[in-house]
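Worksheet: one structure, shown below.
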Ligand code: 3NM
């Protein structure tokens, strides 16, 4: 995939797993797609998360929805699940499997890496990442072990320091602050609760979408 095509797919990057949804995750994903999300990451993590076969089966359903809609389906962290489901890519954090070994196992797939410092961003580039996630930009309640809040300044710093890889901001992003994230140099916004936790999922996605175009 060309960098420009990937940048377009990153513009409204929705992440969720069953623990983030108050209704059926498959329905949440369909409504989010109706609202204009451009990429989906299946992140089955946290207290009460599905394991083993149940995790696989939900992944299978979510992948089908993405395939039908023509949007990339990315798996968080679990490389074996990514391979089993023939996902379009894998996203790893700093505590997960090293990016370069993921790259070797996955072959020609999208590789995303979570980064919090310029050193981590440079290493992600070196390891062959296709894009980086940068955060948390604002306070978040969706990640127990989140790093300290960075503000939009970190996105500006990465661009000033010649990180040219596609990047998405993450952490506490809503329709009210998404434009700041884009203006600071991100190609897109990554969100969990602003979409998965909304009463009207489609409407929430539409509102975010209007800020990232
Ligand atoms: N990663 P919400 S913050 C999954 O900083 C994740 O790397 C982060 O959820 C990081 O949109 C985060 O609900 C949670 O704030 C994002």
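Counting starts with 1 at the first residue shown.
Placed from the backbone N, Cα and C atoms, the Cβ positions cover glycine too.
Those TrEMBL annotations? Automatic predictions, nothing curated.
Quick look at what TrEMBL lists:
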type: DOMAIN; residues: 12-195; note: domain 'Thiamine phosphate synthase/TenI'
type: BINDING; residues: 41, 42, 43, 44, 45, 76, 114, 143; note: 4-amino-2-methyl-5-(diphosphooxymethyl)pyrimidine binding site
type: BINDING; residues: 77, 96; note: Mg(2+) binding site
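Confidence for the domain 'Thiamine phosphate synthase/TenI' (12-195), expressed as mean pLDDT, is 96.
Spanning the residues 41, 42, 43, 44, 45, 76, 114, 143 that the record associates with binding 4-amino-2-methyl-5-(diphosphooxymethyl)pyrimidine, the maximal Cα-Cα distance equals 16 Å.
Among the binding-site residues 41, 45, 114, the residues whose Cβ sits under 6 Å from any atom of ligand 1 are 114.
Between residue 114 (4-amino-2-methyl-5-(diphosphooxymethyl)pyrimidine binding site) and residue 77 (Mg(2+) binding site), the C-alpha separation comes to 11 Å.
Look at the binding-site residues 43, 45 and count other Cβ atoms within 10 Å of each Cβ; 45 has the fewest.
On a Cα basis, residue 45 (4-amino-2-methyl-5-(diphosphooxymethyl)pyrimidine binding site) lies 10 Å away from residue 77 (Mg(2+) binding site). Residue 76 (4-amino-2-methyl-5-(diphosphooxymethyl)pyrimidine binding site) carries a strand DSSP state (E or B).
Taking the C-alpha positions, the distance from residue 42 (4-amino-2-methyl-5-(diphosphooxymethyl)pyrimidine binding site) to residue 96 (Mg(2+) binding site) comes to 15 Å.
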